[in-house]
Amino acid sequence: MADTVALSGAFPTAIRARRYALTVAALIVLAVVVAVGILAWDNPAPAGSAGFWRIAQLRVTSVVVIAIVAVCQGIATITFQTVTGNRIVTPSIMGFESLYTAISTAAIFFFGAAGALLVQGAGPYLLQILAMLAFSGVLYGWLLSGRYANVQIMLLVGIILGGALAAFSTFLQRMLTPTEFDLLTARLIGSVANADGTHLPIAIPLVVVAAGLMVWGGGRLNVLGLGREVALSLGSSQRRDSILALLLVSILMAVSTSLIGPMTFFGFLVAMLTYQLADTFDHRRMFALAALVGFVVLGGAYVVLKHVFYAAGSVGVIVEIVGGTLFLIHLLRKGRL
């Protein structure tokens, strides 16, 4: 009987609470296995030798990058879907990836092959993040702070601006030389190989602060998840909380996209798996689970494709295909946006 007694916390019954704990434990074990696989699999030096550890240290960057992307995409997508009240849309709909594509395309179009070097390094990385934050700040401040603020209009404007930026990028890409287009294509496919270790001193503090604020404000997100009318009746500053949450989402998405490139459906894939495994509406617990799920999915795909199929550069493509397929299946089953 005690297993079925209703609880007042994040889980309605003790059975669900234990199930969540077991799920987290299993994902932690899988995450450790994936991390060890990245560091040790196909390491040519004898295990435990100085050469083995030197090679493992070189691979630590990949583990850190995967962890950053998992945290950013998972937390940002769940938060965005809570604020918009729709589990179909993702932060990519707001045009972050289109802006990244436009910046990369313009750099190579105006400066040639040397433009690919201009967008590398810590300085350009920080400028790309600031450009995305300015873009989202203007968008949210304009569409969510007025008298007739409306989330649906914000989403529609985001789609239109993203489409406009994509059209601009396509126009410039048609005038690139084959060599320049190859350089650009390599940057526009989301891949762990695109990450630069010099970006991590900027990315890690931003992710820690933004994700920490998300976790700290998990209670407010729980209230927002109940809907606008209920949130207002409970005394929530719904508009202010929504804008602050979306700005933090912008930071996480800007860091992730600028670090490895666009990954449109990865966040949706992680969020959908998290909802199925968490069995709770408490955002703090969903965030922890999303980070683990994202790391296992992306890291596992990286290990398998790199060491089994020798196609590490295709990780982003495979993840996007799987995520996009599940998105279509989910949309068709639901029957509406």
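The first residue you see is number 1, and the count goes up from there.
Every residue gets a Cβ built from N, Cα and C, even glycine.
Because the structure is a prediction, the values reported are computed rather than measured.
The following features are taken from TrEMBL:
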type     : residues : note
TRANSMEM : 20-40    : transmembrane segment
TRANSMEM : 60-78    : transmembrane segment
TRANSMEM : 99-119   : transmembrane segment
TRANSMEM : 125-144  : transmembrane segment
TRANSMEM : 151-172  : transmembrane segment
TRANSMEM : 243-275  : transmembrane segment
TRANSMEM : 287-305  : transmembrane segment
TRANSMEM : 311-332  : transmembrane segment
Give the one range among 125-144, 151-172, 243-275, 287-305, 311-332 whose Cβ atoms make the most pairs under 8 Å with those of the transmembrane segment (99-119). 151-172
Are the transmembrane segment (20-40) and the transmembrane segment (60-78) near each other by the rule of at least 3 C-beta pairs under 8 angstroms (pairs 6 or more apart)? yes
Selected stretch (most C-beta pairs under 8 A with the transmembrane segment (287-305)) from 20-40, 125-144, 243-275: 20-40
